[in-house]
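For 6-125, the entry in TrEMBL reads domain 'MTTase N-terminal'. Residues or ranges marked as [4Fe-4S] cluster 1 binding site by TrEMBL: Cys15, Cys51, Cys88. Annotation comment: TrEMBL describes 153-385 as domain 'Radical SAM core'. Residues annotated as [4Fe-4S] cluster 2 binding site in TrEMBL: Cys167, Cys171, Cys174. Feature annotation from TrEMBL assigns domain 'TRAM' to 388-450.
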Amino acid sequence: MMGNSKKVFIKTYGCQMNVYDSARMEDVLKPLGYEMTDGPKDANMVILNTCHIREKASEKVYSELGRLKNIKKRRDEENEMIIAVAGCVAQAEGEEISRRAPYVDMVFGPQSYHNLPEMIAKAHRAGNEQGRGVLMTEFPAEDKFDHLPAPTKPEGYSAFLSIQEGCDKFCTYCVVPYTRGAEYSRPAEHVMREARELVAQGAMEITLLGQNVNAYHGDDGRGGEWTLGRLIRELAEIDGLERIRYTTSYPAEVTDDLITAHAEVPQLMPYLHLPIQSGSNRVLAAMNRDHTREQYLETIAKLKAARPDLALSSDFIVGFPGENERDFEDTLDMIRQVKFILAYSFVYSPRPGTPAATMDLQVEAAVANERLQVLQQLLKDVQAEFNNDCVGKEFPILLEREGRREGQLVGRSPYMQPVHVKAPLDLIGKIADLKIIEARQNSLGAELVNVERKHA
Ligand code: SAH
Ligand code: SF4
Ligand code: F3S
């Protein structure tokens, strides 16, 4: 297999951690002679890197598998296609996948990507009556990150870096603790090395990833541990790393140390994704979130005292079991108070094996959908207000690529808004001061003020 070119198509669902993992799988597959391709048609192997978070997300996988089955059927022995299911659905459903889709050859969970060469060899040895029956869904004791090759930076100036994986919070609606396992922090030195490599390859912005990233406590190799705050301070010393972000954080674990980092580290962007899920204390308690709305607001007040230009985004679940109109009003009130500049919102989806799935008082779908509409309209209004308030202000913008219009570049503001500006091509890969002159629902228009300003 080595040397002769085979093609692999990796389709990624779900969160940024899956995006990161898919890139790592590419890094494992390239030395085996696999080239990336962007569709199943010419692929010798298709990997679906799946998400189990809501029912819709996992059902998508089965409809995609249905389509792949037809392609696989038309292939001959010379030009066979291996179908693999990776990620959180693989971890949660394991053999069930082979039962529902017997033509699937490999099923493996998020902790086993470094074993891909071994799994592929096994699949090649197996006969292909139906699927090849390769299954790997244990949580191995060793650190998969230790066994993965050095990362290649993706195109562009922005890179993800997973520093923490798994979750011990057990929110009553959530599958992540079951699909990703217990909380694990990568050793500090490994993270630093990977960050330096990414910057050496041209990354100007790094987003630190973890299901519960602010719980990071990486071994420092000297019997101690680094907090996320410490890690951010050390990363800020890397020459050429202009922007640092981290996601996703758990509100009850935003420490004073982390808040101080927001005050002290200019490279740390004034934008934080801090999911609240609900504005009602009753619902938060039923969700097993370890904080009240008051504590959440207090944390935000502290963050804003440290970094006055800080803005927040969030996630919301509506229609959680037992949620009534008053609870929902509390959520709307929360949005009005905090003025989240962006939010992802979902109707509660009961997940097999989670405590909330069997709670009494499941909310009717029609009611939940109605609430979602109201919530999303409010979020849209609040976002539009923020974007409008940006008009007239100047921001440092990392110019990333050409826009669709002639002479136009696209960048991202500290708040992640896409910004369009007329500017010369050689400004790509630079941070420029731009004045915002126009606001749209999801993007901004700007004019060039000044080039080559460093840090926010
Ligand atoms: N670790 C992150 C989020 C992980 S999942 C955190 O704690 O915030 C991403 C989002 O999906 C969650 O914030 C939540 O809003 C949503 N989500 C998770 N489980 C869900 C479920 N069963 N139904 C609907 N939305 C869900
Ligand atoms: Fe899921 Fe809660 Fe953990 Fe986030 S903190 S991953 S919502 S269990
Ligand atoms: Fe989905 Fe797994 Fe991420 S369930 S949201 S892909 S951790």
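Each residue, glycine too, has its Cβ placed from N, Cα and C.
TrEMBL does not curate its annotations; it predicts them automatically.
Predicted, not measured: the structure shown is a model, and the values here were computed from it.
All chains included, 21 other C-beta atoms sit within 10 angstroms of the C-beta of Cys171 ([4Fe-4S] cluster 2 binding site). Under 6 Å, Cβ to nearest atom of ligand 1: this is the test, and of the binding-site residues Cys51, Cys88, Cys174 it is passed by Cys174. Rounded to a whole number, the distance between the Cα atoms of Cys174 ([4Fe-4S] cluster 2 binding site) and Cys51 ([4Fe-4S] cluster 1 binding site) is 12 Å. Taking each Cβ in turn and tallying the other Cβ atoms within 10 Å, the top scorer among the binding-site residues Cys15, Cys51, Cys88, Cys167 is Cys88.
Same-chain neighbours of the [4Fe-4S] cluster 1 site beyond Cys15, Cys51, Cys88, judged by a C-beta within 8 angstroms of the site's C-beta center, are, in sequence order, Tyr13, Gly14, Met17, Asn18, Thr50, His52, Ile53, Ala57, Gly87, Val176, Thr179. Other than Cys167, Cys171, Cys174, the residues of this chain whose Cβ falls within 8 Å of the Cβ centroid of the [4Fe-4S] cluster 2 site are, in sequence order, Lys169, Phe170, Tyr173, Val175, Val176, Pro177, Gln211. Not a single one of the binding-site residues among Cys15, Cys51, Cys88 has a C-beta coming within less than 6 Å of an atom of ligand 2. Close to ligand 3, meaning a Cβ under 6 Å from one of its atoms, are these of the binding-site residues Cys15, Cys51, Cys88, Cys167, Cys171, Cys174: Cys15, Cys51, Cys88. Counting only residues at least six positions away in the same chain, the Cβ atoms of Ile53, Cys167, Arg351, Thr354 sit under 8 Å from the Cβ of Cys174 ([4Fe-4S] cluster 2 binding site). In this structure, Cys167 ([4Fe-4S] cluster 2 binding site) belongs to neither helix nor strand by DSSP; it is coil. Taken residue by residue, the domain 'MTTase N-terminal' (6-125) breaks down under DSSP into 63 helix, 24 strand, 33 coil.
Helix, strand and coil counts from DSSP across the domain 'TRAM' (388-450) read 6 helix, 35 strand, 22 coil. Cα of Cys88 ([4Fe-4S] cluster 1 binding site) to Cα of Cys171 ([4Fe-4S] cluster 2 binding site): a distance of 17 Å.
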